[in-house]
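These features come from Swiss-Prot:
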- 1-75: topological domain 'Cytoplasmic' (TOPO_DOM)
- 76-97: transmembrane segment (TRANSMEM)
- 98-101: topological domain 'Extracellular' (TOPO_DOM)
- 102-124: transmembrane segment (TRANSMEM)
- 125-306: topological domain 'Cytoplasmic' (TOPO_DOM)
- 307-328: transmembrane segment (TRANSMEM)
- 329-364: topological domain 'Extracellular' (TOPO_DOM)
- 365-382: transmembrane segment (TRANSMEM)
- 383-925: topological domain 'Cytoplasmic' (TOPO_DOM)
- D430: active site, 4-aspartylphosphate intermediate (ACT_SITE)
- D870, D874: Mg(2+) binding site (BINDING)
- 926-945: transmembrane segment (TRANSMEM)
- 946-959: topological domain 'Extracellular' (TOPO_DOM)
- 960-979: transmembrane segment (TRANSMEM)
- 980-1009: topological domain 'Cytoplasmic' (TOPO_DOM)
- 1010-1032: transmembrane segment (TRANSMEM)
- 1033-1045: topological domain 'Extracellular' (TOPO_DOM)
- 1046-1068: transmembrane segment (TRANSMEM)
- 1069-1074: topological domain 'Cytoplasmic' (TOPO_DOM)
- 1075-1095: transmembrane segment (TRANSMEM)
- 1096-1112: topological domain 'Extracellular' (TOPO_DOM)
- 1113-1137: transmembrane segment (TRANSMEM)
- 1138-1200: topological domain 'Cytoplasmic' (TOPO_DOM)
Amino acid sequence: MVGGGTKRRRRRLQLSKLYTLTCAQACFKQDHSQIGGPGFSRVVYCNEPDSPEADSRNYSDNYVRTTKYTLATFLPKSLFEQFRRVANFYFLVTGVLAFTPLAPYTASSAIVPLLFVIGATMVKEGVEDWRRQKQDNEVNNRKVKVHRGDGSFDAKEWKTLSIGDIVKVEKNEFFPADLVLLSSSYEDAICYVETMNLDGETNLKVKQGLEVTSSLRDEFNFKGFEAFVKCEDPNANLYSFVGTMELKGAKYPLSPQQLLLRDSKLRNTDFIFGAVIFTGHDTKVIQNSTDPPSKRSMIEKKMDKIIYLMFFMVITMAFIGSVIFGVTTRDDLKDGVMKRWYLRPDSSSIFFDPKRAPVAAIYHFLTAVMLYSYFIPISLYVSIEIVKVLQSIFINQDIHMYYEEADKPARARTSNLNEELGQVDTILSDKTGTLTCNSMEFIKCSVAGTAYGRGVTEVEMAMGRRKGGPLVFQSDENDIDMEYSKEAITEESTVKGFNFRDERIMNGNWVTETHADVIQKFFRLLAVCHTVIPEVDEDTEKISYEAESPDEAAFVIAARELGFEFFNRTQTTISVRELDLVSGKRVERLYKVLNVLEFNSTRKRMSVIVQEEDGKLLLLCKGADNVMFERLSKNGREFEEETRDHVNEYADAGLRTLILAYRELDEKEYKVFNERISEAKSSVSADRESLIEEVTEKIEKDLILLGATAVEDKLQNGVPDCIDKLAQAGIKIWVLTGDKMETAINIGFACSLLRQDMKQIIINLETPEIQSLEKTGEKDVIAKASKENVLSQIINGKTQLKYSGGNAFALIIDGKSLAYALDDDIKHIFLELAVSCASVICCRSSPKQKALVTRLVKSGNGKTTLAIGDGANDVGMLQEADIGVGISGVEGMQAVMSSDIAIAQFRYLERLLLVHGHWCYRRISTMICYFFYKNITFGFTLFLYETYTTFSSTPAYNDWFLSLYNVFFSSLPVIALGVFDQDVSARYCLKFPLLYQEGVQNVLFSWRRILGWMFNGFYSAVIIFFLCKSSLQSQAFNHDGKTPGREILGGTMYTCIVWVVNLQMALAISYFTLIQHIVIWSSIVVWYFFITVYGELPSRISTGAYKVFVEALAPSLSYWLITLFVVVATLMPYFIYSALQMSFFPMYHGMIQWLRYEGQCNDPEYCDIVRQRSIRPTTVGFTARLEAKKRSVRISEPAS
């Protein structure tokens, strides 16, 4: 077994320290230095979980609960959650008051609708929590082998584990808690771990236990085993772990290399032994399971204001009515006789007692508040939740946003922000993996001052297209001009990750080059300085590489293709097959890995210290140019000038560059370094990282330059077209990238973010004054001068814009300048400049800066922001934005797990916003407006009837008519509108992207439109009430000669309202489906069915509605004629207004509908008329780009 394990290990082994979830160390690095104040109080007695010392610590058990409720707390807690909503609380108060004599209706009719709405939501909450409970039980009852204390292991449930337990986890099992790895089935205590449940990554990580515990590979070895661990307190940082283990009187440092996280899985390893360090809710995965930031859409926030406005209206009407009622009641008694004798004051000592009119007015106020509660739509919240869930399903099922290659559909991870997708003003995008494929290809390099590689990048092709001529590449060495045809340019490399072509160094020809020794060191560094795992296919014996980043894979593949094949790795060695410069033969060389100084976004470099077979010590380093050039020795700068020029050329071509350098170490220097780095790593304190950084700074210096690499990260398919279409929609696009400024600018041109003849405002600190200060000045002086310089450049930029004459501008700013631009006293001036530009590119941006820029844009202009990214370094930006969109690419799933919506490719953003965003915004906006319209139409008739009856608190309708209006007779059509309505089809949404501005400018949910719908409700109620009253008043209603009473008038008005609100819905719908026809007409049919069946019930149940339809309304011709006349008269004003609006001042979607109706959608002239009609000249967005393009054409015309 051990022999087989060793064989597998040789195929897959890697430096485990670098493979403990390092992909996101950058964004958590700062938090690590702040862990818990003192933060290192956890003490673990390994193999002694029941010792008195361990018991006194009172650490949490391993039972995990993710439910919101327990059986005891479900009812009170869920009710509390429901009644936190103001509307629900209002209906609760009116429901309670319905049990008092003050109620104008029966208590049951008031409570049943509330119970229906609250009950539906509680059932949903209960089902969801029950599912969570089932999942919790499944996890907590899993079994794992635990040491009994006598050298044997028994299976126990996860929930019974205690701190200090020794557990045995076998292949393909999940780790039950956070463990310190002690040993494994491999001799050197390594194991393979899959972290899919933590970060979504499928590539395996390798962990390794301490050498001192690696021999504990049998169960009986743990009899008598004792160890003492002191480590950091529980925290949410997945990527750090600091601690020490005391064993046999010696202390050993612990790091993420030894930490096995709960819910990750053991793979390709037969078993491991580990000590439980964190349990239950102290484990890092549970610490990370807090809810994401709560986000609410702008429409939802505005809806709350409308609810408050409706409350104010209800209170106002109740107050007016109670005052009038009080005055009338006071004047009711004249000469001992009651004017309104039918109110029977003798039966009620308070309500209608003229002697106590103020008290009667107060009681009337409470009654009126209950009666007018129908102004507030009780089913609004539930209906919106249902609609949003169904909208999300449509987004998830959209075949046009399904990425077949990776089998990844779009996924709305929350339905709260659907309508917000239709109001995005600014998009803030990452570049690598978001705009690009994050699939790196080694294409060029500079070695010893000589440029190699003749590949042509997409950016170079775009530059050629901008200049309008053929693409010409000039070789440095041969001065040969080569014009590449389209076929040659697009020819794909036969080796993934390698698109390098240059016969001077391929096929071993590098040995004849002038600086062959430098070339050898260059590619040897690529073959050795990395964290890649080699894998051997047992059938073909071909080696493939598993790397944490595509850059690393590209470097190793390039080294292999050029004669330096990395083929094996152990914990302490790397094996490379390479061409010997002296003998000319391929030889196998073994490099002993002594130390690894890992890469992170702060260091921007990675180094390894290796020992060659002859004992020579080498430090091999690769990193970003801005940190590497300053670390070169005086004698190591021989090729610096040429390399800098080449790096700038590569950046112009849109390539990602790294500088390669090395130095030889003497044994004494290395010995001192190794002692200091070991001491720093052994430190158990919050400044451990800074101590390590301090030590590495002293060794990574005096380097000798070898050259630079250049890899291409190609744009994703459809990115330029998508950006162009989003710009046409008037959406501003910012790109936040860690690339060099030159690279970012040229990528901007390649992806249509920048246009030729767009003027550029560039803000950076590469000025002679600042550079001279950096060499001689102090930090405070440099910072002050830099800040003043940035402010000056921002002000100059604003001046340029002011006198630009309408020219389009692009703002480009680097990371150093951005740090000062985000200071509190400058950031608002910077924002004013940025939002006035057509495009903004922030270069060399850190993850923190991305989040700060997003926060600034969101809070600064008050409009909706959308952030899109694919990596862990984008998480802060995604959570800060109003909407976070994660790209499910190749950098793991952390961005997706922190996002609101996930898509597989950037190009799908076009359809997500312009189609689904526009539809959802329109649907939700119209739905909310209609909800308030139909409730005002219904509720205001109650007020008018109250006025007609001198505010006697008598409702116009039967109790159950009141209760079921919002539930059965008017709710389904509005839900159907929210799910299915389309003002224009998806095709025309994309063809006329400016339609999207209706959402950005909030045209469909402005106060003007909201108040317009409210006014529609008020005048509809007035028309219905007065026409019905006038038509029925003082005349015989049927053949018996009876005049209509409350039941007849109320039944007639109610019928008219049901017809009006449902036909109003039909007039508001733009796109009819069979479902909409069914729900509209069925709502009317259900009303007639209900009034018939309800009226047949005994009179003690149906009260005034007893046989009112069958015996009074239906037989009467006037009832049907009045219904027809009132419905037509009520809807006619809206119909006339819509016709006039469409004819004389159509909205943008109306113009598109007219084009479609007239069949002119394919006529370019008509389409241009429609497009231009909605465009206002501006210096941002599409019109600015269009003007830049036109000027470019005009400028080039004389030359042609």
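The first residue you see is number 1, and the count goes up from there.
Glycine too: its Cβ is placed from the backbone N, Cα and C atoms.
Cβ neighbours within 10 Å of D870 (Mg(2+) binding site), excluding its own Cβ and spanning all shown chains: 30. In the predicted model, the topological domain 'Cytoplasmic' (1069-1074) shows an average pLDDT of 90. Every protein chain considered, the tally of other Cβ atoms within 10 Å of the Cβ of D874 (Mg(2+) binding site) stands at 34. Same-chain neighbours of the transmembrane segment (960-979): 105, 109-110, 112-113, 116, 374, 377-379, 383-384, 386-387, 390-391, 394, 923-924, 926-927, 930-931, 934-935, 938, 1050, 1054, 1057-1058, 1061-1062, 1065, 1068-1069, 1073, 1075-1076, 1079-1080, 1082-1083, 1086-1087, 1090, 1094, 1105, counting only residues six or more beyond its ends whose CB sits under 8 Å from a CB of the stretch. Residues 958-961, 1037-1038, 1046-1048, 1050-1051, 1088 of the same chain, all 6+ positions outside the topological domain 'Extracellular' (1096-1112), place their C-beta atoms under 8 angstroms from a C-beta of that stretch.
Under 8 Å from some Cβ of the transmembrane segment (307-328) lie the Cβ atoms of residues 86-87, 90, 357-358, 360-362, 364-365, 368-369, 372-373, 375-376, 932, 943, 946-947, 950-953, all in the same chain and six or more residues away from its ends. DSSP assigns D874 (Mg(2+) binding site) to a helix in the three-state reduction. In three-state terms derived from DSSP, D430 (active site, 4-aspartylphosphate intermediate) belongs to neither a helical nor a strand segment and is classed as coil. The DSSP breakdown of the topological domain 'Extracellular' (946-959) into helical (H, G, I), extended (E, B) and coil residues amounts to 4 helix, 0 strand, 10 coil.
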